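J.: Quick one: this structure, given as structure tokens, is what I'll be asking you about.
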């Protein structure tokens, strides 16, 4: 008895701990993003408004049980963002109208054919329309924009067409269902747009800006991890290590970028974003960033998996130029992030790119000077007594060891510098993608003529490294 009571108490304690953990997670999720709480409130408000039609007698007497379609519409089409909501609203509205109209026409045609042929004709039409609509869903363009609408079309056409034999006036039924769906759509759109709206385009815009900044932070953190400065505190090392993992957000954001870019096209002009805003170009910027992030991921593996001791002379000689290149590359990414965030053309991005190229050239020259100091293999004639051939030659094992030791020790460092150079090259692709976005989205110009003249003067003063 005591053992059973102990297990019961232990079970109660375990349940209590799980409930508290769930409540804490639930609270933290709402505290981190209050918009999720607001979204729940908006859904509750929309459903409460629609449910009032049950208690308004004139409306309830007119629509009867079909009022439930308004509630179902709100539940089905209400989404977190305005773009997602409008996507479902437009698809559902068009699908309901077209499906209901075609179902009426099909029922009229079947009724004219006689009571025996009516079920055969209706079944055949349902089969044909379902087959054609389902086949259309396999087309990529149709699936991306109208997949939900095709599903609603099949549902509406089938329900209305097949219920005609059990309803005295099918026209009234169709009109009532379309009207109640319209009531649900109007309520959903009003609450979603006019009560704390969340725009898909705005989410995509700031996601690209944040990812550019995180990519810059990750690059800086990785190089700081690779070349720790003597006397650095443990806190600074931990901060650099945390920053070095920021690139993973760039690699994991592809689905979000594609989804928000697709939904943003359904949204009306709002804020900075006018009609015909180039949402797809944001995806191109994301592709360029991921192309760069893959190289950063390789650099991360190089930094964290190195087991070979680096030559101290090489490390000391390359530390400054590598950190300078990392800093210049990060400045370019941060400037692009600021340009995208404010939707203004950057007055200094060309200067920063030129500085990055100069740092690349400086790193290449430093690396070439170091490789020239590596020992090379010299062959010497073999004695006839050793090989029996006066023209043969051989390499002493000691010579090979002398060569391989510095090469092996320097290989990881050379790989790291090569990755930094490759990252800077891929950053230029990000610059081009953002420049295209700035042109298509009509970013605000640099400013007055004085700022332009300063930038031009700076470009003339800043010469490539190999020309200095």
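Using the three backbone atoms N, Cα and C, a Cβ is placed for every residue, glycine included.
Curation does not apply to TrEMBL; its annotations are automatic.
Copied straight from TrEMBL:
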TRANSMEM  37-56  transmembrane segment
TRANSMEM  68-87  transmembrane segment
TRANSMEM  94-111  transmembrane segment
TRANSMEM  117-136  transmembrane segment
TRANSMEM  148-166  transmembrane segment
TRANSMEM  178-200  transmembrane segment
J.: Which one of these stretches, 37-56, 68-87, 94-111, 148-166, 178-200, has the most C-beta pairs shorter than 8 Å to the transmembrane segment (117-136)?
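T.: Highest pair count goes to 148-166.
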J.: Could you tell me what the rest of the chain brings near the transmembrane segment (148-166), counting residues at least six beyond its ends with Cβ under 8 Å?
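T.: Those are 87-88, 90-92, 94-96, 98-100, 102-104, 106-107, 110-111, 118-119, 122, 125-126, 129-130, 133-134, 136-137, 142, 173-174, 177, in sequence order.
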J.: Which residues of the same chain, at least 6 past either end of the transmembrane segment (94-111), have a Cβ under 8 Å from a Cβ in it?
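T.: Result: 117-119, 121-122, 125, 129, 149-161, 164, 170-171, 174, 177-178, 181.
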J.: Do any residues, 6 or more residues outside the transmembrane segment (37-56), come within under 8 Å Cβ-to-Cβ of it, and if so which ones?
T.: 30, 63, 67, 70-71, 74-75, 78, 80, 183-184, 187-188, 191-192, 195-196, 198
